[in-house]
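Feature annotations, reproduced from Swiss-Prot:
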- Ala141, Gly142, Gly143, Thr144, Gly145, Ser146, Gly147: GTP binding site (BINDING)
- 459-468: compositional bias 'Polar residues' (COMPBIAS)
- 451-478: region 'Disordered' (REGION)
Amino acid sequence: MPREIITLQVGQCGNQIGTEFWGRLIAEHGIGPDGIVKEFATEGTDRKDVFFYQADDQHYIPRALLIDLEPRVINSLQESEFKNLWNPENVYIDSQGGGAGNNWAVGYTHATEKYEHIMDMIDREDNSDSLEGFVLTHSIAGGTGSGFGSHMLEQLTDRYPKKIIQTYSVFPNDSERSSVVVHPYNSVLALKRLILNADAVVVIDNTSLHRIADERLQLDFASFKETNSIISTVMAASTTTLRYPGYMNNDLVGLIASLVPTPRAHFLMTSFTPLVIKGAQRRIQKTSVLDVMRRLLQPKNIMVSCGTKKGVYVSILDIIRGDVDPTDIHKSLQRIREKKIVNFIPWGPASIQVALSKQSPYANVPYRVSGCMMANHSNLGNLFARIIRTYDILRKRNAFLNVYKETPVFSENLDEFEDAKETITNLIEEYKAIQTSDYINWGMKQQQSQISQKESSSLANENGNGANNKPGKSAMAL
């Protein structure tokens, strides 16, 4: 039985990515823009029901919520060729339409005011036979995707504690390209929720997206549509085994379990090859299994700008699509081991996992074999350290804090900033510890320390001193 997934598209970036994603999915499942299955695709063995459900007239509707605080992007979707694809009851645009002003706290406050309405939308969508979890698409740099998305993560954790929460989170540029001057504040506040409330976070780094567009696709300056097309390619590829199941990784739990051996270090990097999008120059290349698997490991193809030559891989999953002989997989893995291309953790299994999946029979692709890598790497901690450094630059100058102090979240103090920084700093330390052979002992000591802190907090409450305690890290009181 298919395990259903509800997609939550939040903010401008989240909705633009989501639209590209659904465009790929309907092409791969032989569904038209109106949700009607094309005649040649009626007898397929693919699992459409994972991401779609059928209306009474048999047309397919995405299991998706479209959420934004300003109307421009969603209105454009409702006027596009996909206007009849969405369920109009699953669209939320703030009645005032003013947006969040690139302010995490404004987005978060809006969500606290509207969360019952949003949760009712999700509860109504949760009419599936076997809901497995949620996929959130958003940016952490702006106001709606970061702030509204943060509150949704907290509420989903509270209301659906046994469901998987995976995100595709776009991280800001670390260069002059970033147009949101307060993105370090927004990123730190959103990243705290991604650490505490998500089961897996696929990191999409804008810096790497533009580099890939410049170098691999030879686009002088990639548009949002082109970078979003790259992201949607990875999203579609990473969900292939859920929609075209094989022998392994047929559900979200299995997919994440193979990549996230420890609860907090659940951030993932990706790569895809061969990468082909509209508007970009095509390069004819060899697509043997070995060639694809080696290209997936090349730093220039990885969509996070933290490097992989130093540090270690915690886990790697290669999803290979096409008409592939399993013996080619074994030979390719052996060649990669012989050349010592990959450095793994010293305290766990050192192997690349491979999942095979069919190409969609309905979508024309210009290559015989394609691959998507999802990997957990210790150098992701460097990305978070970079965010903390940019945050510290603003925070030491107390720059732009007035717009945050005007919101209920920060009306009394700025403690939430420091709490978020502490949460991220702890994760950075964990990624450093992951590289050592003593990581398991380190983790046990950290766990014991947390237990001791909880016991001390409980004792303080019993003595009547609990009134000064701050709210728990997984939720925040207003």
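Glycine residues also receive a Cβ, built from the backbone N, Cα and C atoms like all the rest.
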Quiz item: Which number gives the other C-beta atoms within 10 angstroms of the C-beta of Thr144 (GTP binding site), all protein chains shown included?
Solution: 31
Exercise. Restricting to the same chain and to sequence separations of six or more, state which residues have a Cβ under 8 Å from that of Gly147 (GTP binding site).
Key: Ala100, Asn103, Trp104, Ala105, Val106, Gly107, Tyr108, Thr109, His110, Ala111, Asn186, Leu189, Ala190
Quiz item: If you draw a 10 Å sphere on the Cβ of Ser146 (GTP binding site), how many other Cβ atoms land inside?
Solution: 36
Practice problem: If we count other C-beta atoms within 10 Å, could you say which of the binding-site residues Gly142, Gly143, Gly145 has the fewest? | Solution: Gly143
Practice problem: Would you mind checking how many other C-beta atoms are within 10 angstroms of the C-beta on Ala141 (GTP binding site)? | Solution: 27
Self-check item: Env. residues of GTP site, Cβ within 8 Å of mean position of Ala141, Gly142, Gly143, Thr144, Gly145, Ser146, Gly147 Cβ
Solution: Gly11, Ala100, Asn102, Asn103, Trp104, Gly107, His138, Ser139, Ile140, Phe148, Gly149, Asn186, Ala190
